[in-house]
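One structure is given here, and the rest of the page talks about it.
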C-alpha cells in the first residue's frame with residue numbers, strides 16, 4: 001500500500017487530499033476563492049497566493065484531525081508544480097516541501113494537466129490506453145494523444161483564448177459575475193434556440209487547433225447592440241454555448257478518426273458542462289465510440305487527482321532533494337522539463 005498526500009494550488013482553489021492505493025481517495029477537501037473574485041470579475045493572482053498561504057495550513061491540519069489519518073501513513077507529499085500562477089504554485093510547493101521534510105518523506109512533483117487527464121482513472125470503470133483526451137479548462141483547451149502514463153502528444157490546442165476564458169469574458173459582458181462559465185450555462189437554459197446564429201470557429205480547417213477569440217469578439221459586439229432584456233441575454237448565452245460545444249465536438253470526432261481510436265476522455269473544469277456532455281454523448285453513440293469523464297466533483301481543480309498521479313509517479317520520480325521546484329509553463333508533452 002502507498003499513501004500519498006496531495007496539494008493543489010495552481011490557481012484560485014486551495015486543495016488537499018490523501019490517496020491510498022488500496023482504498024482510493026480517503027480524504028479530499030477544496031476551499032474555493034470564487035466568492036472573493038465575484039467582486040473583481042476575475043482572479044487577482046496576488047490575492048490568490050495570499051489566500052492559499054492563509055488556508056493551506058488549516059486544510060492540512062484537517063487531514064490529520066478531522067480525517068483522523070496518522071502522519072505515519074504518509075509515504076510522500078505530491079504537489080502541483082505547474083502549469084499555473086507563479087505565486088500560487090510557490091505556496092503549494094513551499095508548504096508541500098516543508099511538510100515532506102517534517103514527515104521525513106520524499107516529494108513528488110505533479111503536472112496539473114496530466115492530473116486532469118488522468119482523473120477518470122479514479123472511477124471504477126477506467127479508460128485504457130491509447131485514447132484521445134480533450135482537456136478543457138479556464139487556461140487550456142487541448143487535444144492530446146495519450147499513449148500511456150507520461151506519454152502524451154499534442155494534436156491541437158487553442159491559438160488564443162481557452163474555452164473557460166472565453167466563457168468568463170462573455171459572461172462578464174452579460175453581467176453574470178464570477179465564476180462566469182457556470183453562470184452563463186445556467187442562463188443559457190432559458191434561451192430560445194435558433195434566435196441567433198454564431199460562427200463555429202475553425203471547423204472547416206483540416207488541423208485540430210481551436211480559436212475562440214473571434215467568436216468572443218463577435219458575441220461581445222452582439223451584446224453591445226442589444227438591450228439588457230433577460231430573454232435576449234439568455235438567447236445569446238445559449239447560442240454562444242452551442243457554438244463553443246459544436247467546435248469542440250467536431251474537432252474531437254476529427255481527431256478520433258485521424259488516430260483511428262475509439263475512446264475519448266474529457267477532463268478539466270469545463271468538462272462538467274452538461275451541454276458539452278450531452279452533445280458528446282450523442283455523437284459518440286452515433287459512431288459507436290466510448291467516452292470517459294471525470295466525476296463531477298473532480299472536474300474542477302482538486303488535490304485528489306494530484307495525490308493519485310503522485311501515487312503513480314512515486315516509485316520512479318520521488319525525490320529526497322527538497323529543493324522547491326515549479327514551472328508555471330510546464331507542458332504535459334514535455335514532463336522532463338521541470
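Heads up, the Cβ atoms here are built off N, Cα and C, so glycines get one too.
Here's what Swiss-Prot has on this protein:
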- 112, 116, 301: Fe cation binding site (BINDING)
- 135, 136, 137, 138, 139, 168, 181, 273: substrate binding site (BINDING)
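Locations of recorded Swiss-Prot features on the structure.
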| residue | record | contacts (Cβ under 8 Å, 6+ apart) |
| --- | --- | --- |
| 112 | Fe cation binding site | 8, 10, 80, 82, 83, 84, 301, 306, 330 |
| 116 | Fe cation binding site | 135, 137, 267, 268, 294, 305 |
| 136 | substrate binding site | 162, 163, 164, 248, 266, 267, 268, 269, 270, 271, 276 |
| 138 | substrate binding site | 11, 162, 164, 165, 168, 181, 269, 270 |
| 273 | substrate binding site | 181, 185, 241, 245 |
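Neighbour density for residue 137 (substrate binding site): within 10 A of its CB lie 24 other CB atoms from the protein chains shown. Non-local contacts of residue 139 (substrate binding site) by the CB criterion (under 8 A, 6+ apart in sequence, same chain) comprise 11, 83, 162, 164, 165. The secondary structure of residue 116 (Fe cation binding site), as reduced to three states from DSSP, is helical.
Over all protein chains present, the Cβ of residue 181 (substrate binding site) has 24 other Cβ atoms lying within 10 Å.
Residue 168 (substrate binding site) falls within a helix when secondary structure is assigned with DSSP. Secondary structure at residue 135 (substrate binding site), taken from DSSP and collapsed to helix, strand or coil, is strand. Taking all protein chains in view, 26 other C-beta atoms sit within 10 angstroms of the C-beta of residue 301 (Fe cation binding site).
Of all Cβ atoms in the protein chains displayed, 26 besides its own lie within 10 Å of the Cβ of residue 135 (substrate binding site). Under the DSSP three-state reduction, residue 181 (substrate binding site) is assigned to helix.
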